[in-house]
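S.K.: Okay, here's the structure, questions in a sec.
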Amino acid sequence: MKVHSERPPGADRPGALRRFVENRLIGNFDSEDFSDAWKKKFSHAPTWCDADMSLQQINRGKAVGNRVALYSRAFFQLWLYRIGCFVQKYVFPLICSPNLTIFSSMILYCLCLGGLQHVVIETDLVKLWVSEGGRLNEEMEYLGHVKHARETGQLTHVHKIKREVEKATKPPPVKAEVRRGPELPKENGLGGGFQVVIQTPSFDGENVLSKEALQKHTKLMQEIASYEVHMFNETWTLSDICFKPPGPSFNSGPLAGIMSKLLDKIIPCIWITPVDCYWDGAKALGPNPPLNLGPEVSSFISSLPPGNVTWKNLNPTSVIKEVGALFDLGPIGNFFERAGIDGAYLDRPCIDPLEEECPKSAPNYFDRCAALTKFNEWNLGKPMSEQIALDRKILPKDEEKSDVAESILNDIFGKKRRKRQAEGEEKPETTTKKSGDSKKDEDYYAYDDDYALPNATDAGKTEKEAKNVVCLEYGASLLKWMQENPTRLGEFLTKEEMPQYPNYGDVMTGGCKGFGKKIMEWPEDLIIGGIERENGKLVSAEALQSVFLVSGPYDVFLRIKNDKTDSHPGLNRHNFAPWMAGEIITSWQRNFTRKLYTHESNAERRVFHPLASTSIADMLEEFSQFNYMIIVIGYILMVIYAAFTQGRFQGWWLAIQSNVALAITGVILVTFSSICGLGFATHLGINFNAATTQVVPFLSLGLGIDDMFLLLHNYDEIINICNKNEIGILLKETGMSVMLTSTNNILAFISGYVLPIPALRSFCSQTAILLLFNLLFLMFIFPAMIGIDLRRQRKGKRDLAYCSRGTPQMPASQSVPSNVSNMTQMSSRAELAGYGAKQAEEFRRHEPWYTVGGFLNNIYIPALKNNVCKAIILIGTATAVVFGLYGMYTSTLGLELADVLPEHTPPAAFLRAREKYFSFYPMFAVLRGSEIDIPNQQGLIEEYRQQLGSSKFMIKADGNLQPYWMSMLKVWLESLDKALEKDLAAGKFDLTNGNPIKVNGEKPTPESMIAARLVCSFGNNYNCDGRLGKMKMVVNGIINPEGFYNYLTGWFNVDNMMYYVSQASFYPTPPGWEYNEKTAKVVPPAEPLLYSQIPFYQNDLVDTPAIVKMIEEIRATCEEYTERGLSNYPSGIAFTFWEQYLSLRFNLFMAIVIIAAAVFTVISILMFNPWAATLIMCIVIITTIELGGFMGLMGIKMNPISAVTLICAVGIGVEFTAHVELAFLTALGTIDQRLESCLQHMFVPVYHGAISTFLGVVMLVFSEFDFVVTYFFYTMTVLVALGVFNGLCVLPVILTLVGPEPELTPTSGDCVLPPPPPLRQQNAEKDGYGGGVEGGLRNRNDETHAEKNGLNLSTERKAVKMAAAAYAAYE
């Protein structure tokens, strides 16, 4: 009796689309081609085994189910089956023949492998960790964009319209020389032009505000200034490459050239250092070697010290005043006054008043001569045996005139006159006692002493002079003895006469000043760290920081190329090129860091921490190389584990059924695939970095091996239940699951590209490419290897011993195990009903209790069926989710720069010292001159600057912001206005043309003459009538907009040093101009500024949250004024590296949403079951929340790296859930039966996959980079643990409660569904109704047609007939 009748002809005929689909997807597989054991497996999981046959049963009315899902499954299974059959049929030709697919794949892999020879390891932190695209990227490229626009004539509307109007209404522009000054070094926080050294305590509790610590810092700076490198036949020091601002301009005159030469020699490298608070700050400034002008120049300019001239004894203001009284030096005096140069370092206290060279002008100068007198009186009163013997110093002889001195004297008096004077002079006799040769380069200073030198030409010596000579000879020895015996000074000195050591904390409170006190102010927070105060004064500190600047390669090239003194005679200047200057700079920087790394003070404890632009790049390059030893060890561990899981022993050697060789081959092929994937990524231009070289090889190995275990697990079963097309059946059943997880993993890493961090984009791209290569390997090459192993097993050969035969588990001639019936026909309905009780006849693995399978069957599955166990799992999961949400809520933002460097390296130590002690960062407010009108928006610019300055993060000196270029220009113009007003009142100018007029023999001052030129200049016009005496350049704090750019040219050229101090970085640079009294012509206007910047100093940026808060505050101000018509943006290291955190949470959210949507879509398409996809997404979200909470609770900060890990959690989480869900969805029976079936099928491979993933990342613990250990090893390990728990514990429990219905349900209500009858019988049944082949059932009479589909007809025709008869009887 039939339970369900067949559909009558013509009833419920499918539509055209359905017929089209079914004609191509149904009938490709015939049940007569499969063994009984496989059919029994089909009866429990029909859609897993064959969606085509499942659809056949639906069309026959034997089952109902999700047709769309089965159509999709049938399509993929058909092509996977064809691939497997092709591989199995041509396994040896595929490997040996160059014309076939797999060998072609190997050739393609080798081509990809060739890309590794072009690997580029990126070590620039800016290129690695600065956000790409968006606002920040556009701002960083703004200057380059406007340069290109200016050169190509594509200026924006403001300046383009302005120029067109000027061309139509104004006279032709004045052609002026384009002046190129030195390029300002750019600060990127990692060195760049700024070289930094930090001094930390040499022992716990040390106060660096002490004589010893400050002297150690001073000595270090002197050492740095003397470091040399030998290149291009010359020796190079810091003075050759450091940044030096240009000297001030002089009027033409007899001493203009002298002063220019002198200042060119004497202008020092720019140092920002805490010892600038003291006279000792001059020691590192040089010049090196000292400038020796000889006694003749010193006698002519008495304010110049005799002997060697350095910043230790030079009073520049006194020299300028003395020379200015004799000759016209132009506005240089005005500059010195505005710069606050004064006495430079001579009026500052000495760190140690007993310092031999401490000048008399120092506030704590110690009179060694008076002390020597008292010492001698005290010493002579002691017995001879107790008297202290002081060492006598040999006084130096006069030096011969230097080349510089000769040049200066020639400039003053002319060469002929100097020659006559030299011939008429008599050589003075010396009275210095000869007791040895003195060192030629020994400094000798006579700081304003009233005595003459011992070898002077004076005829007699007074008693006072004799005492001075004694003081010179023995004073230094006395000072040394006093330093060594500080406790004995009271024996001959009164309290008032004792050396006065400065209160270092008081002196350094508020910061220090450079040689220009008004323009070089070093904020306290920039140079002193770890501060403690009392009553607003410093009492202690833990760190000192000094910064010196290095010029750009082109500036060094110009300096050396145009050097007229021939200071490097061995250099071939004709062939000298900018790249050579760059090599000199780089070599010196590396020598600087190397010397300090191995400094004697760093022997026991690191005290000096240097940083140059090369140090981090060199360190990253060194540690970003592939650690082949660690990689090899990791891969060996994987090989051992894979072999262990696949080993089967028979006696003392591996059995036939063992797959050790296959497992080892799989690991090797995954390795090969990963290497080729990296080569392909290189072909695509994806650079390597520390994240890729340290993480990707292990991560790709762990994820690639996962699916290999699934294939091997099912292969172990397929080989025992099938006797033909085993590889095709293997891919048909398992390939869908492999494709599902691999596709989701690839999508997960592709979604990581949403984060705009180049290093992470490279990491995600390379990982996605490697996973794609692994997928291709699993689909094509590894099945071929399985086919080779299949032949071995069929021949009864032992694993890894092909010459040895073993005892097969089954006869080699049969396809089913001995405990499964070899009958090919299906039994009656009664047999099917009793099939559940005959489980022993099915294929069973030998799994003792101590194996994973034994644990699964004996302990795990029974436990999961227990309701108490289910409740514990659900409660534990809910608790973990709550803690996860709390951990995510409490997580903080941050990734410090030191975290991306190896912990034990000097650059990491420097960055940690900086983070600990110096929360100081510079920033600039950049004005987009291409979009604003600066001359007419001065008030708005000043308002904008004050609004930025009101931030609590901005440093102010005495409540005022540091000056910037417009304020300096304004001060300069106001001083010129005053000078002009005074001389106009005296009648010293012709009001019609601005020419100077002498009044009582006096000309106007240089300042007023420059002012007259500027007042008469506006645009390209020069007209004094009606302007001179009637208008000022600055009115009510606003610079006259009409002549703004003319004034800018004058300031840039006359007050050039102030321009560089202002850090304005004008683009385009104003043209060159020089005042000429004889020619009255317009001061050429500068081009409208397209780029200029306003400097600020920021403090209290102690961590990422504080920096992010500052960025939000500053950004809000910048956006407000941009909306008001003042286009601008902030710039600086804080914005460069931390801007990404403003949108990190949003980018992370979007990335997770995108990958979640992609995963949901992929699962829905492949399974066509939205509820199943929803459950998978729930588990994945739970995993992500738990991982995020763990990171928050463990103090792992939220940053782009941890964001990538969370994104990966979505993709990798699918790895542990999709397999189980798919197996559950395709299983038949009760909930418990389906649960047991899916775990029997997937628990072991998922478990082994998890262990392999862990083994893939476990070697990361040996990485040199802490961020790799913290953000990849720890988090990936926890992710694997959470994935295993949620995929193998939580998901099965949820499936038993709210799991999806089976894809196929027998209409009989049974828990099993037999395969459909052979297609011949089905066609006969259709013919019996008078119909043809319908519903996609193919006529199989044409064997050639079947062979085209990669199918082999059964050779057991009798079995087919018996099966047909059995089904006919059953129906």
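Cβ from N, Cα, C; glycine included.
Annotated region 'Disordered' per TrEMBL: 416-441, 1307-1350, in sequence order. Taken from TrEMBL, the feature compositional bias 'Basic and acidic residues' applies to 421-441, 1337-1348. For 626-644, 651-675, 695-715, 736-755, 767-788, 1148-1168, 1175-1196, 1202-1225, 1246-1265, 1271-1298, the entry in TrEMBL reads transmembrane segment. Taken from TrEMBL, the feature domain 'SSD' covers 627-788.
Give me the structural setting of these features: burial, nearby parts and distances.
M.R.: Residues 660, 663-664, 666-668, 671, 693-694, 697-698, 701-702, 705, 708-709, 1251-1252, 1255-1256, 1258-1259, 1262-1264 of the same chain lie 6+ residues outside the transmembrane segment (626-644) yet bring a C-beta within less than 8 angstroms of a C-beta in it.
Across the domain 'SSD' (627-788), mean pLDDT in this model comes to 83.
With a threshold of 8 Å between CB atoms, the same-chain residues lying at least 6 positions outside the transmembrane segment (651-675) that come near it are 109, 113, 116, 635, 638-639, 642-643, 645, 696-697, 700-701, 704-705, 708, 712, 715-716, 719, 770, 773-774, 776-777, 781-782, 785-786, 789, 792-793, 796-801, 804, 806-809.
Non-local neighbours of the transmembrane segment (695-715) in the same chain are 626, 631, 634-635, 638, 642, 645-646, 659, 662-663, 666-667, 670-671, 673-674, 677-678, 726, 730, 733-734, 737-738, 741-742, 745, 763, 766-767, 770-771, 774-775, 777-778, 782-783, 786, 1212, 1215, 1219, 1242, 1244-1246, 1248-1250, 1252-1257, 1259-1260, 1268, 1272, 1276; each lies 6+ residues outside the stretch with a CB under 8 Å from one of its CB atoms.
Residues of the same chain lying 6 or more positions beyond the ends of the transmembrane segment (767-788) and with a Cβ under 8 Å from any Cβ of it are 80, 83-84, 87-88, 91-92, 94-95, 101-102, 105-106, 109, 112, 662, 665-666, 669-670, 672-674, 676-678, 680-681, 684, 686, 696, 699-700, 703-704, 707-708, 711, 715, 727, 730-731, 735, 738-739, 742-743, 745-746, 749-750.
Same-chain residues lying 6 or more positions outside the transmembrane segment (1148-1168) and placing a CB less than 8 Å from one of its CB atoms are 66, 68-69, 72-73, 76, 736, 739-740, 743-744, 747-748, 751-752, 754-755, 1174, 1176-1177, 1180-1181, 1184, 1198, 1203, 1206-1207, 1210-1211, 1214, 1218, 1221-1222, 1225.
Same-chain neighbours of the transmembrane segment (1175-1196): 877, 880-881, 883-891, 1152, 1156, 1159-1160, 1163, 1202, 1205-1206, 1209-1210, 1213-1214, 1217-1218, 1221, 1270-1271, 1274-1275, 1278-1279, 1282-1283, 1286-1287, 1290-1291, 1294-1295, 1298-1300, counting only residues six or more beyond its ends whose CB sits under 8 Å from a CB of the stretch.
Sequence-distant contacts of the transmembrane segment (1202-1225) (same chain, at least 6 residues past either end, Cβ-Cβ under 8 Å): 45, 47-48, 703, 706, 710, 736-737, 740-741, 744-749, 751-752, 755, 760, 763-764, 1144, 1147-1148, 1151-1152, 1155-1156, 1159, 1163, 1167, 1169, 1172, 1175-1176, 1179-1180, 1183-1184, 1187-1188, 1191, 1196, 1234-1235, 1237-1239, 1241-1242, 1245-1246, 1249-1250, 1253, 1271-1272, 1275-1276, 1279-1280, 1283-1284, 1286-1288, 1291-1292, 1295, 1299-1300, 1302-1303.
Cβ atoms under 8 Å from those of the transmembrane segment (1246-1265) belong to residues 623, 627, 630-631, 633-634, 637-638, 641-642, 645, 690, 694-695, 698-703, 705-707, 709-710, 713, 852, 900-903, 1212, 1215-1216, 1219-1220, 1272-1273, 1276-1277, 1280, 1283-1284, 1287-1288 of the same chain, restricted to positions at least 6 beyond its ends.
Same-chain residues lying 6 or more positions outside the transmembrane segment (1271-1298) and placing a CB less than 8 Å from one of its CB atoms are 691, 694-695, 699, 864, 870, 873-874, 877, 1175, 1178-1179, 1182-1183, 1186-1187, 1190-1191, 1194, 1196, 1199, 1201-1202, 1205, 1208-1209, 1212-1213, 1215-1217, 1219-1221, 1224, 1231-1232, 1234-1235, 1238-1239, 1243, 1246-1247, 1250, 1253-1254, 1257-1258, 1260-1261, 1263.
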